[in-house]
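**Student:** Questions regarding the structure given below will be posed in turn.
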Amino acid sequence: MKQLEEKILADGRVLSEAVLKVDSFLNHQIDPALMKAIGEEFASRFKAAGITKILTIESSGIAPAVMAGLSLGVPVVFARKRKSLTLTDGLYTAPVHSFTKNETNDISVSHDFLGEGDVVMIIDDFLANGQAALGLLDIVEQAGAECAGIGIVIEKGFQPGGKLLRDKGIRVETLANIKSMEPGHVEFYGEVPN
Ligand code: 5GP
């Protein structure tokens, strides 16, 4: 998605070879016009999939997920992150190792908001090693729902998550796929094969 790639080039900051900071439009301050365009792009890619619900993870997945939900006319559920879950009644839970924090937390979603018969699109801000996506897929499976695919705002294609998920036969739609980066320079792949 050209508009997103241009924004990353203009405002993204590469902190190391593995971490891109996009605090000015996605992870702290949010650019609503860009989020709207992102939501519409996800919606158009998944419009034939019969999506009934969007699932994301707090907090940075929420903005693009809400915009996609608005465009598709479906509710958005975000998995909550907790250090440790003592009361798990009525919750689907899955462990997720955080790429940025290097710690493992359980994520949870209430049984009330996901269930059999749902066709789910998963959305997240970044795809690195795929751990967040795998945790969300685990929750979709526990709910007896179907996953129609995963929408990622920024994939770091040089990290293994994208291949891991696509090798499992999961549809992964990425709006900006980074081939390589270093401080001061970001290079994108063209269209990602699915
Ligand atoms: P994964 O679970 O695929 O290893 O990592 C994805 C999660 O880690 C995303 O939910 C995102 O919050 C965070 N993340 C991974 N890489 C980056 C990055 O380069 N920059 C930022 N801001 N977050 C990242």
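The backbone N, Cα and C atoms fix where each Cβ goes, glycine too.
Remember, predicted model here, so these are calculated numbers, not experimental data.
So TrEMBL lists these for the protein:
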- Leu20, Asn27, Lys156: xanthine binding site (BINDING)
- 32-157: domain 'Phosphoribosyltransferase' (DOMAIN)
- Ala128, Asn129, Gly130, Gln131, Ala132: 5-phospho-alpha-D-ribose 1-diphosphate binding site (BINDING)
**Student:** How long is the line from the C-alpha of Gln131 (5-phospho-alpha-D-ribose 1-diphosphate binding site) to the C-alpha of Asn27 (xanthine binding site), rounded to the nearest angstrom?
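**Tutor:** Here the two Cα atoms lie 18 Å apart.
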**Student:** Cα-Cα, whole number of Å: Leu20 (xanthine binding site) versus Asn129 (5-phospho-alpha-D-ribose 1-diphosphate binding site)?
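**Tutor:** So the alpha carbons of Leu20 (xanthine binding site) and Asn129 (5-phospho-alpha-D-ribose 1-diphosphate binding site) sit roughly 14 Å from each other.
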**Student:** Taking the residues Leu20, Asn27, Lys156, which the record names as binding xanthine, find the longest CA to CA distance and state it in Å to the nearest whole number.
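**Tutor:** Pairwise Cα check on Leu20, Asn27, Lys156 gives a maximum of 16 Å.
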**Student:** DSSP three-state call for Gln131 (5-phospho-alpha-D-ribose 1-diphosphate binding site): helix, strand or coil?
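**Tutor:** Assignment for Gln131 (5-phospho-alpha-D-ribose 1-diphosphate binding site) reads helix.
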**Student:** Measuring CB to CB from Ala128 (5-phospho-alpha-D-ribose 1-diphosphate binding site), give everything in the same chain under 8 Å that is also at least six residues away in sequence.
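**Tutor:** Counting only residues 6 or more apart in sequence, the Cβ neighbours of Ala128 (5-phospho-alpha-D-ribose 1-diphosphate binding site) under 8 Å are Ala18, Phe99, Lys156, Gln159, Gly161.
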**Student:** Mind giving me a neighbour count for Asn27 (xanthine binding site)? Other Cβ atoms within 10 Å of its Cβ, every protein chain shown.
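**Tutor:** Neighbour count, Cβ to Cβ under the 10 Å cut-off: 16.
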**Student:** Quick one: Cα separation, Asn27 (xanthine binding site) versus Asn129 (5-phospho-alpha-D-ribose 1-diphosphate binding site), in Å?
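**Tutor:** Given the Cα positions, Asn27 (xanthine binding site) is 18 Å from Asn129 (5-phospho-alpha-D-ribose 1-diphosphate binding site).
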**Student:** Please work out the number of neighbouring Cβ atoms within 10 Å of the Cβ of Asn129 (5-phospho-alpha-D-ribose 1-diphosphate binding site), leaving out its own Cβ.
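**Tutor:** Around Asn129 (5-phospho-alpha-D-ribose 1-diphosphate binding site), other Cβ atoms within 10 Å: 16.
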**Student:** In the three-state scheme derived from DSSP, which category covers Lys156 (xanthine binding site)?
**Tutor:** strand
**Student:** For Ala132 (5-phospho-alpha-D-ribose 1-diphosphate binding site), what residues in its own chain, 6 or more apart in sequence, show a Cβ-Cβ distance under 8 Å?
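**Tutor:** Set apart from Ala132 (5-phospho-alpha-D-ribose 1-diphosphate binding site) by at least 6 residues yet with Cβ under 8 Å, we have Ile57, Val96, Ser98, Phe99, Asp124.
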**Student:** Other than Leu20, Asn27, Lys156 themselves, what residues in this chain have Cβ atoms within 8 Å of the centroid of the xanthine site's Cβ atoms?
**Tutor:** Gly12, Val19, Lys21, Val22, Asp125, Phe126, Ile154
**Student:** Cβ within 8 angstroms of the Cβ centroid of Ala128, Asn129, Gly130, Gln131, Ala132: which residues besides those meet this for the 5-phospho-alpha-D-ribose 1-diphosphate site?
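**Tutor:** Output for this site, in sequence order: His97, Phe99, Leu127, Ala133, Leu134, Gln159, Gly161.
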**Student:** Sort Leu20 (xanthine binding site) into helix, strand or coil using the DSSP assignment.
**Tutor:** strand
